[in-house]
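Per Swiss-Prot, the features are:
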| type | residues | note |
| --- | --- | --- |
| BINDING | Glu9 | Mg(2+) binding site |
| BINDING | His15, Asp167, Gly168, Lys169, Ser235, Gly236, Arg237, Phe238, Asp246, Arg252, Lys253, Ala269, Lys273, Lys277 | ATP binding site |
| BINDING | Glu43 | K(+) binding site |
| BINDING | Glu56, Gln99, Asp246, Lys277 | L-methionine binding site |
Amino acid sequence: METFLFTSESVNEGHPDKLCDQISDAVLDACLIQDPDSKVACETCTKTNMVMVFGEITTKADIDYEQIVRKTCREIGFISDDVGLDADHCKVLVNIEQQSPDIAQGVHGHFTKRPEEIGAGDQGHMFGYATDETPELMPLTHVLATKLGAKLTEVRKNGTCPWLRPDGKTQVTIEYRNEGGAMVPERVHTVLISTQHDETVTNDQIAADLKEHVIKPVIPEKYLDENTIFHLNPSGRFVIGGPHGDAGLTGRKIIIDTYGGWGAHGGGAFSGKDPTKVDRSGAYIVRQAAKSIVAAGLARRCLVQVSYAIGVPEPLSVFVDSYGTGSIPDKEILELIKENFDFRPGMITINLDLKRGGNGRFQKTAAYGHFGRDDPDFTWETVKPLKWDKAQA
């Protein structure tokens, strides 16, 4: 039977781009806790010994940006120059302005509009995807790459592998077969892990520890065989990492944040954006739509696209593709989605409770993926029971 290879990657919370995503979302969380109507577009960049937060924020919240930056860096493990950044001594630059009044009047009419009248914060198109190949209804390549990254962080923080440092990347290649449009994973072809480490550890110990403490607990044995290839720190040395090794910027890991290269992506990043930004809220609602279709058994794979114009509440278009796996025609799946999901930004915000801060809610999304997570704060992962007039007729 014909098979093909597909690959997804992930990066750890200590990767400089992901550090920036987490700082931007930590700022968003802080704003929403005090003022759920905060308008936030917070970017972060970092390089050796420096973190800068900048963007447009309109909020009644009293925010200590420097404290948020240092706390986030510290929690990730950036506690000395040796590991790539010193949370307590790095330079923190802040350049935050108010949201443009032109955008404000178009989007929410200075709070005079009812939720269903709130316009999209910008134009754009977003995609949601779901597949029946894992219990999370996510692609297995993405799930495994992401879980390997999370496990790396876990064994670093709990002391199992004390030689680990915060920065790291993972990548998984899987051999699939196409079963009438559905994706069926056959085996793991290649596992790649590149992790930052201290000076003391040997490459042999790195490889042994990664196999025992990271790969073994994460990748089900049934997918591994004698032909599976392992590339464990293939460059041979990764001591310098974090912002010391590479500059970081919010919004540069959008495929890791979503579906690992499966489905499609409209190009908009998530982190640091409040729910009036449809880059985020639109992508969340179409994930819920796609997931609900697959969970209901109406398709084995599903892609949903939505598009918006700035200041306009109603979406311009909604599109569905079941890749030929639908138990009913795509046209009917589309009708069903339109009947069951309200794509107006103000209504997405209410239905997914996106103004609620607290519990590090959005900061949690900023590492290890926004989708396929088992966490009540990820409201868009809730499968919605579908009402269908046609079925009752």
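Note that Cβ sites are derived from N, Cα and C of the backbone, with glycine treated the same way.
The structure, with features from Swiss-Prot marked on it.
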residue : record                    : DSSP class
Glu9    : Mg(2+) binding site       : strand
His15   : ATP binding site          : coil
Glu43   : K(+) binding site         : strand
Glu56   : L-methionine binding site : strand
Gln99   : L-methionine binding site : coil
Gly168  : ATP binding site          : strand
Ser235  : ATP binding site          : coil
Asp246  : ATP binding site          : coil
Lys253  : ATP binding site          : coil
Lys277  : L-methionine binding site : coil
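Of all the binding-site residues listed here (His15, Arg237, Lys253, Lys273), the one with the fewest other CB atoms within 10 A of its own CB is Arg237. Taking the C-alpha atom of Gly168 (ATP binding site) as reference, the shortest distance to any of the binding-site residues Glu9, Glu43, Glu56, Gln99, Lys277 belongs to Glu9. For Lys273 (ATP binding site), the binding-site residues whose C-alpha atoms fall inside a 10 Å radius of its own C-alpha are Glu43, out of Glu9, Glu43, Gln99.
The maximal spread of the L-methionine binding site, taken as the longest Cα to Cα distance among Glu56, Gln99, Asp246, Lys277, is 30 Å. Put simply, Glu9 is the one of the binding-site residues Glu9, Glu43, Glu56, Gln99, Lys277 whose Cα lies nearest to the Cα of Ser235 (ATP binding site). Counting in whole angstrom, Glu56 (L-methionine binding site) lies 25 from His15 (ATP binding site) by their C-alpha atoms. In this structure the residues listed as binding ATP are His15, Asp167, Gly168, Lys169, Ser235, Gly236, Arg237, Phe238, Asp246, Arg252, Lys253, Ala269, Lys273, Lys277; their two most distant Cα atoms lie 42 Å apart. Sequence-distant neighbours of the residue listed as 'Mg(2+) binding site': residues of the same chain at least 6 apart with a C-beta under 8 Å from its C-beta are Ala145, Lys169, Thr170, Gln171, Val172, Ile255, Ile256, Gly260. The two recorded residues, Glu43 (K(+) binding site) and Gln99 (L-methionine binding site), show a Cα separation of 13 Å. When the neighbouring Cβ atoms lying within 10 Å are counted for each of the binding-site residues (Gln99, Ser235), the highest count belongs to Gln99.
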